[in-house]
Amino acid sequence: MARSLAGFLVLILAISICDAASIFQPISDSHRSAALDLFKPVDGSFASLEETYEALRTFEILGINKKPDVSTATCGTVSKALSSSSSTPKDLFDALRVNSILKCKINAEVFEGIISKLQAAVSGASSLHDFYYSIGSLGLIKDQTSKADLHLSDAEGIFRSIKALSQSDGRWRYSSNNPESSTIAAGVALETLAGVVSLASSEVDQSMIGIVQNDIMKLFDSIEKYDDGAFYFDEKVVNVHEHSGPLSTSSSVVRGLTAFTTVATGSLNLPGDKILGLAKFFLGIGIPGDSKDFFNQIDSLAFLESNRVSIPLILSLPSTVVSLTKKENLMVKVNTVLGSKAPPLTVKLVRAYSTSSKDTSIIENKELSFDPERVVYFLDALPDSVDVGSYIFVFKVVLHDSERKDVYVTGTLTHVQIFLTGHVKIGNAEIAVLDNDLGTIETQRKLDLAGENAVSLSANHLQKLHLSFQLTTPRGSAFKPHQAFLKLRHETKVEHVFLVGNSGKKFEITLDFLGLVEKLFYLSGKYDIQLTVGDAVMENSLLSEIGYVELDLPEAPEKAPRPPPQAVDPYSRYGPKAEISHIFRAPEKRPPKELSFTFLGLILLPFIGFLIGLLRLGVNLKNFPTSSVPATFAILFHVGIAAVLLLYVLFWLKLDLFTTLKTLSFLGVFLMFVGHRILSHLASASSKLKSG
Amino acid sequence: MARSTSKDAQALFQSLRSAYVATPSSLKIIDLYVCFAVFTAIIQVVYMAVVGSFPFNSFLSGVLSCVGTAVLAVCLRIQVNKENKEFKDLPPERAFADFVLCNLVLHLVIMNFLG
């Protein structure tokens with residue numbers, strides 16, 4: 001029980017930390033193992049070249065050495081795609097991207113053929129994707145073949161025709177006949193323009209680059225923000241056909257931005273907090289479960305880490321729970337987004353304040369010491385005035401090298417919620433039974449709440465139960481926990497919870513049984529006493545069985561309330577229900593078959609006797625009408641009766657009452673008609689006979 | 001004494017038989033039919049006495065079917081009998097039509113009850 005409570009407190013602690021602190025952890029080993037799980041080749045290769053590139057690129061960025069070997073199978077696919085005449089620019093682009101990592105052996109002639117094909121594709125391109133794939137492919141070939149003379153013939157013209165697709169708000173269109181503008185397209189266009197600039201034979205006009213940089217600034221005006229400081233791009237028009245969440249949109253923009261700033265000469269004055277916010281957005285996702293999302297996250301972070309504008313530095317804490325009793329140090333790490341080492345810097349604790357009182361700082365302007373071995377910054381010792389509780393620490397990162405301030409962005413201030421925990425001393429714990437009128441102590445027991453207790457007390461309804469204890473923090477001041485409950489549990493599992501109040505330093509509760517008899521439902525007998533003291537910052541939160549008190553309460557009067565039925569165990573509510581066993585009526589004993597068949601035969605005997613009797617009486621059918629019309633009616637009459645009887649048999653066997661009655665009404669009318677005709681004929685015949 | 005009793009009985013049966021011979025044959029057919037129905041009912045009752053009354057509704061419908069038919073047949077006999085002055089004006093055809101109708105209704109109920 002005590003263990004489960006401790007677990008519960010840890011859970012609460014964890015939830016409250018997650019809730020309060022907007023700390024972003026850089027990429028760590030958990031990402032590496034997740035990458036190996038997500039990108040799993042089937043039969044030595046991935047499903048497509050695009051997927052292969054995503055996998056290989058992710059492994060490369062994360063520095064995974066134990067990656068699956070796909071080079072043999074993939075290189076075959078790559079050379080096949082490159083030498084095939086039916087390959088589209090996208091196929092070539094994917095193949096070349098894979099080749100840039102795998103470095104397969106490709107003939108120089110193959111490249112020559114592709115170059116002319118791609119050059120033609122560039123000049124004939126009309127949509128953004130045509131430009132993107134063909135120019136991207138040309139750029140990749142230039143990198144892979146060290147062909148210094150690979151140039152675009154009309155770089156400025158191509159630059160202009162791509163720029164013509166841009167919109168006034170910094171976003172781009174996919175093609176000139178598609179009026180919808182898109183943020184992803186903006187990223188794609190920036191990447192393409194970067195490719196054009198790098199492939200240009202001569203310097204591209206600076207004014208045009210300036211215009212594009214202006215576009216980037218406008219694009220950043222449309223950036224969106226989360227409350228925790230993360231910035232992201234999102235598509236304004238949701239396209240149903242394409243998967244374009246904030247992650248793929250943001251990563252497209254980051255790719256385009258970093259590619260463009262790498263080739264563009266002019267400096268781009270992007271706000272550092274937005275770059276940092278983008279990094280926070282990618283880190284805040286955690287570990288995506290989808291391989292595409294995973295690649296987008298890692299790839300974007302890699303671009304952010306190596307970009308020329310500003311490299312974000314992430315401040316993170318290995319633990320936001322610091323134990324005062326164990327004299328733990330508060331540790332802070334500063335890394336790049338991919339978890340590599342930051343340049344020399346100082347972490348300053350600007351101020352720290354309790355979450356309950358924001359105005360009074362407990363620490364101000366303290367510099368954290370650096371531990372070069374573990375690469376952490378730590379706070380030497382907390383001042384003695386700092387007690388257990390939850391605090392907000394405000395950190396600031398200051399770079400040593402002032403020149404690098406332009407390269408790295410650290411954000412202004414980082415607010416982190418820290419829990420300072422400690423071992424709370426419990427003293428003067430005692431439980432006593434008092435006489436009601438005088439308050440004299442009848443029995444008193446000292447309690448050791450940290451250890452085991454087995455108090456046995458007895459009291460009647462004229463007495464009182466008194467419990468008191470004191471809580472002191474490691475710094476010696478009074479401690480007020482979140483929870484302090486006393487629970488009485490009767491043998492019949494009826495429970496009563498009482499809140500333990502505090503007066504200054506002392507926690508105490510007095511249970512006057514005279515006033516409580518009704519609440520206790522007049523149930524005499526053994527009550528187990530349980531004390532709960534718990535708090536998020538209290539390391540020794542406890543749930544202690546103190547013992548029991550034998551209560552002697554008066555008999556319940558007639559109108560006394562009954563104890564409520566016991567609440568259903570919440571775990572059993574969702575568990576399997578008790579199996580329902582169906583009780584069927586036992587089948588009646590049936591007689592043996594032979595006997596039944598014998599009686600069936602016996603039933604026929606009177607019928608046979610009836611027939612024999614008829615024969616002996618000399619019955620005949622001489623009265624049966626001879627002329628054709630009455631004979632027909634006579635036959636129909638008998639057929640009608642037979643039909644009704646047959647209907648009854650069918651009713652017995654399968655028909656329901658309604659069908660039977662419906663059919664019977666028709667048959668009945670028919671039978672009435674023919675019956676009336678034949679019988680009146682017979683009657684007239686016999687009366688004729690009489691009169692004649 | 002006993003001798004005279006048996007003789008008396010014999011004489012009684014003799015006179016009964018001779019009187020019955022004079023009955024019209026149509027009434028004899030009805031009598032035969034009534035006997036047939038009653039014996040069938042008796043056999044069913046015996047069967048029930050032997051094996052128990054488990055499908056009780058089936059037993060009841062079987063017996064009631066026979067008894068009902070027998071009662072209806074007796075009614076028919078009363079109405080058809082020419083000696084019976086009370087039904088002198090009722091033609092036997094009408095009585096037979098009633099008999100058929102009543103039997104059909106009776107057996108509809110019987111079939112419903114048979115289960």
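Cβ coordinates come from backbone N, Cα and C, glycine included.
As written in TrEMBL, here are the features:
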DOMAIN    A:27-305  domain 'Ribophorin II N-terminal'
DOMAIN    A:313-419  domain 'Ribophorin II second'
DOMAIN    A:428-551  domain 'Ribophorin II third'
DOMAIN    A:584-684  domain 'Ribophorin II C-terminal'
SIGNAL    A:1-20  signal peptide
TRANSMEM  A:595-619  transmembrane segment
TRANSMEM  A:631-651  transmembrane segment
TRANSMEM  A:657-679  transmembrane segment
**Intrachain neighbours beyond the transmembrane segment (A:595-619), with Cβ under 8 angstroms and 6 or more residues off its ends** = none
**Request:** With DSSP as the reference, give the number of residues of the domain 'Ribophorin II C-terminal' (A:584-684) in helix, strand and coil.
**Result:** 79 helix, 0 strand, 22 coil
**Asked** Is the domain 'Ribophorin II C-terminal' (A:584-684) in contact with the domain 'Ribophorin II third' (A:428-551), using three or more Cβ pairs under 8 angstroms as the rule and ignoring pairs under 6 apart in sequence?
**Response** no
**Prompt:** What else in the chain is close to the transmembrane segment (A:631-651), if you only count residues 6 or more beyond its ends and a Cβ gap under 8 Å?
**Reply:** 624-625, 657, 660, 663-664, 667-668, 670-671, 674-675, 677-678, 681
**Message:** What residues elsewhere in the chain lie close to the transmembrane segment (A:657-679), defined as a C-beta under 8 angstroms and at least 6 residues from its ends?
**Reply:** 625, 630, 633-634, 636-637, 640-641, 643-644, 647-648, 650-651
**Request:** Count up the helix, strand and coil residues in the domain 'Ribophorin II third' (A:428-551) according to DSSP, in that order.
**Result:** 4 helix, 75 strand, 45 coil
